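Take a look at the structure set out below.
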């Protein structure tokens, strides 16, 4: 909501540049606006222009503009929020778009302020109330809610003692049929009517008109006995029915999100209006020339729908994550209570378990961001490395345990497919989609290629190290974006795979002689490289030690990357936290989740994640055996990308704010954690709990991963992109999905 302040810049350490460079830097800054919606500004140091020749400016033009892009100073509302923003740019930290602290109310935009209003503010001129949202309310809730009030009013009149509440329900029936432009007010009853001493012609001092006839039955009832009897009849016959109806309306409107004003309307009615004495409730229609009303306004609604409610948050939690939280409870209860599948089948339970992973991933991400923002970088790095991949590891480990107990190799193949799908999706689909959506709003987007090169180098080391000597002739040289990657080194998660293909024995089954000649050609099926020849000498003596060596070296390289970016070479990000705060920000930090609360939520979410992963693996077996779709496709799509949906949403939001650096880093960091943390952890887990998981992938996984990493490095090497390059990445991703869709299932499944 805060505006962006962008200044022209120069390089104080290098040669002086002329006005041409300043204008070019300013043009870059116009398309480089970063963190506007995060409540921070980007300030870049300005160097007074000095005299220089045009040739000097042209010589250092590209270098100067690169320095303009990478220098960033963050200014946030408070120190905690600034720490969170700084962590977004650090390697190994989870990128989080939302706020971890409460924003000052005066700094919110008018659109956001309207989302959190209590529907008790009277506007001077609200315009026409005939809108699509209001008509939708009439069709969904208004007509039957009004009819219900009429029926309750009839019941109250029949009881005689409930007649005052019957009159109230009759008025509310007209109100809820079309509540827009009307006001419900709590008024004070004049003392003359409370003692029944006033005449019938006296007027109300508050309203300036005749006393409403709804006050008169109270006087007609006379004693307090009749009043208590009327209230008892109302609480027994009328109020419970209306509470159930408004509860249904409230839940339905809240789940629809854009109709949250209707949910607020129903909640305020049950908690305030229906519990007031009927003589203290006044319903009026507002007019354009009417003076402001005196007394307390309980309800005043002008519109039933607001499309901006996707921004609504409850205690810092987005409304989508709040709405999906009951789904987790339904999944756990249905999964463990209905074990024999009497109520629902395995397909429904598997779908619910996967959908439940999305809100749990959101809570885990926010908890990690909250703890990291309130701690030093060492604690943040440990928390991110420990719990950053907990969502995927929980599912993979439970699947491997189930496959080991059943002796089914399909679970190990599905886990390998999910690992490859996460890698390919985060390298191609996540940045490609962010480029496309961000490119719709911004013609060209730039990012810090120096900081992105760290993740790319580690990713190339873990995946494509063995491809370097093959890729150079194809491109005619090493692209500039690859200068940090150790191309000649035979290291990575696919090194054991290539090793087994070089030294393994090719074994085929179902061979048929095509030419009917014993020396002719044979057509064979189900060919694979056998590593267990000669009692497994090749595997146990050569392949398995290589797997363990790689599983130790890759996490070590990850730790070196953390030390490189967070300690010794922090200047590659050039992130500075300003000592001054934004104008008007003089408030102390009010965090949504304290460190202890975030830790408790993190542990509970991890526990629920383990239960949902157990249910998903329990009910995936019928889908794998009875479905005609390849197990490869199920792994690389559903199991790989569903847990990453919160990260994809964060990347899209960063791209819309023209902060493509963080969008790219989201995909790169996930891919790096897959190769350098998740796969080594799974390999080391097999030491303590033997499973069918071996670090030998199929050819399809190897080629898809290597091609994705090469394409990513080629696209990102110039530090700028547009929607066309994003479209290329997305199209390549869908082509790979088509390959997986039509690929036959793994052998043995």
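Placed from the backbone N, Cα and C atoms, the Cβ positions cover glycine too.
The domain 'Inner membrane component' annotation in TrEMBL covers 133-182.
Marked as domain 'Sodium/calcium exchanger membrane region' by TrEMBL: 348-462 (among others).
What TrEMBL lists as domain 'Sodium/calcium exchanger membrane region' is 598-740 (among others). Look at the domain 'Sodium/calcium exchanger membrane region' (598-740): DSSP puts its residues at 118 helix, 2 strand, 23 coil.
Proximity of distant same-chain residues to the transmembrane segment (135-158), defined by a Cβ-Cβ separation under 8 Å and at least 6 residues beyond the stretch ends, is recorded for 165-170, 172-174, 176-179, 233-234, 237-238, 241-242, 245-246, 249, 252-253, 259, 262, 304-305. According to TrEMBL, the transmembrane segment annotation covers 135-158 (among others).
Feature annotation from TrEMBL assigns transmembrane segment to 232-262 (among others).
If you look up TrEMBL, you'll see 317-337 (among others) marked as transmembrane segment. Sequence-distant contacts of the transmembrane segment (317-337) (same chain, six or more residues past either end, CB-CB distance under 8 Å): 98, 254-255, 257, 260, 309-310, 343-344, 349, 352-353, 355-356, 358-360, 362-363, 366, 592, 608, 611-612, 615, 618-619.
The transmembrane segment annotation in TrEMBL covers 343-365 (among others). Distant neighbours of the transmembrane segment (343-365): 94, 96, 317-318, 320-321, 324-325, 327-328, 330-332, 334-335, 387, 390-391, 395, 601-602, 605-606, 608-609, 612-613, 615-616, 618-623, 638-639, 642-647, 650; these residues of the same chain sit at least 6 beyond its ends, with a Cβ under 8 Å from one of its Cβ atoms.
Taken from TrEMBL, the feature transmembrane segment covers 377-398 (among others).
Sequence-distant neighbours of the transmembrane segment (418-440) (same chain, 6+ residues past either end, Cβ-Cβ under 8 Å): 392, 395-396, 459, 463, 635-637, 639-641, 644, 647-648, 651-652, 654-656, 658, 660, 663-664, 666-668, 670-671, 674-675, 678-679, 697, 701, 704-705, 708-709, 711-712, 721-730, 732-733, 736. What TrEMBL records for 418-440 (among others) is transmembrane segment.
The feature transmembrane segment is assigned by TrEMBL to 546-566 (among others).
Tertiary neighbourhood of the transmembrane segment (662-688): same-chain residues 88-89, 91-95, 385, 388-389, 392-393, 396-397, 400, 415, 419, 422-423, 426-427, 429-431, 434-435, 438, 447, 451-452, 455-456, 458-459, 462-463, 492-493, 547-548, 550-552, 554-555, 557-558, 561, 644, 647, 650-652, 654-655, 695, 716, selected by CB-CB distance under 8 Å and a gap of 6+ residues from either end. Residues or ranges marked as transmembrane segment by TrEMBL: 662-688 (among others).
Per TrEMBL, transmembrane segment is recorded for 700-717 (among others).
Counting only same-chain residues 6+ beyond the ends of the transmembrane segment (723-743), those with a CB under 8 A from a CB of the stretch are 417, 424-425, 428-429, 431-436, 438-440, 629-630, 632-633, 636-637, 700, 704, 707-708, 711-712, 715. Annotation source TrEMBL lists transmembrane segment at 723-743 (among others).
Counting residues 6+ beyond its ends, the transmembrane segment (377-398) has Cβ neighbours under 8 Å at 87, 90, 92-94, 357, 360-361, 364, 367-368, 371, 415, 418-419, 422, 558, 562, 566, 602, 606, 609-610, 613-614, 616-617, 639, 643, 673-674, 677-678, 681-682, 685 in the same chain.
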